[in-house]
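Student: Checked Swiss-Prot, it gives:
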DOMAIN    20-351  domain 'SET'
ZN_FING   95-135  zinc finger
BINDING   350  S-adenosyl-L-methionine binding site
REGION    388-415  region 'Disordered'
C-alpha cells in the first residue's frame, strides 16, 4: 500500500510549503509515479529540503576514521583535522580557521555505547527513533555481538567504493520495533518501488557479487539473530529479505559531507585583495594535490538514506533538478538546474556528470545494470539512431554492440 500524499511530504523541513510547490502523480503503469511542479521555479531555486526516513554512514567509511554524526552524518572533524588526515601532513595549519563551521564543544556521545553525535538534538532524535534498540552499550566493541557480526559480514562482501549499508535495514527494523505508530512507519517504508523476483536478484547480485546467494543467506541469518521482530516476520524470510535489499539498493540516495569542503566554499566567498586571493587559491590547490597523492578520491564522510519525496523523481539524462547536501548533514536540497514551469515533471539524473557525457549505449548499460530500466528521455530519443556501441575508450572494457533487453522498463520509477 502506497503512502498517502500527506505522508509524502512528512519528512520535508517545511512540509506545507513543499506540498504547495510540487505534486506526486501517477503517470502510467510503465513509469509509475513522478514529481511535478505546481508553481514556476527559476534556475537555482530550492524546490524542497527533505530529511531521510533513515540514513547510515557506510561501514568501511566509518572504519577508516571518517568521523560523522551517527544520526545526521554531519562531519565531526574540524576542517583542519580533516585536511591533516587526508593529506598526511600532521602539522598543517589552515588559514582563516574562523570559517570552519564544526563545533566540537557541541558534540555528544551516547553515554551507554559512546557513539558520537554532533549535538544533543541529534543524540535525542536517534534515541527517540531507533537507538534504544540498536545501542550496544558496553558490547559496542564486542566482535561477538550479533549487530557487530552483521556489520563485519557486510564489510566482507561489500567493499569500497560503497553504495549501501546493511545498517539502513537495521534502522528500518529498529524504527518500527521502537515506535508507537508501527503501521505508519511500515506504510512509509512500503512506499518505495517494488520489483519482480528476477529484478531483485539482479540488484542483489550487483551489490554482493557472484556468490550473492550464499552471502545473502548468511546476512539474513545474522540479521534475524540480531533484530527479529514478529510483526515484521515477512522481512526475515528469504524472499522478504531479498526485497529489502532490492529496496535499499535501488532507492538509497548517496550522502556526502565534508568539513573541509565547507571551509573551501567559505574561502571562495571571501572578498580579498588580489594578492591574498592568489595566495589562498594556491594554498588550496596545493592542499588538494597533497590529498590526491595521499588519499585519492575518498574525501568525504559517505553514507546513504531513504528519502520519501525525492524518491518520486524519475531519471533524465538532461535533468532539470539535482540533489545536494550543502548543510554538511543529511538534509537533501532539491535545486532547479533551469527554469521549470507549472505542470512540468521534475527529473534528476541517476548518472554523474561524466557518465551523462558518454554515448547513449554506455548510459543505457549503466542504467540497466544499476536500476534495471531503459531511459527514454529527450536526449536518448534524439540519439536512437546512434550505433549501439560504447565510446571508443570504453570498447575494450565493455565490448561492442550490446543489444538492449526487450523486457526492460522504459523508465525508472521511485529512485
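Each residue, glycine too, has its Cβ placed from N, Cα and C.
Give me the structural setting of these features: burial, nearby parts and distances.
Tutor: Note on the domain 'SET' (20-351): mean pLDDT across this stretch is 93.
Across the zinc finger (95-135), DSSP assigns 21 helix, 4 strand, 16 coil.
Residue 350 (S-adenosyl-L-methionine binding site): 24 other CB atoms within 10 A of its CB, across all protein chains.
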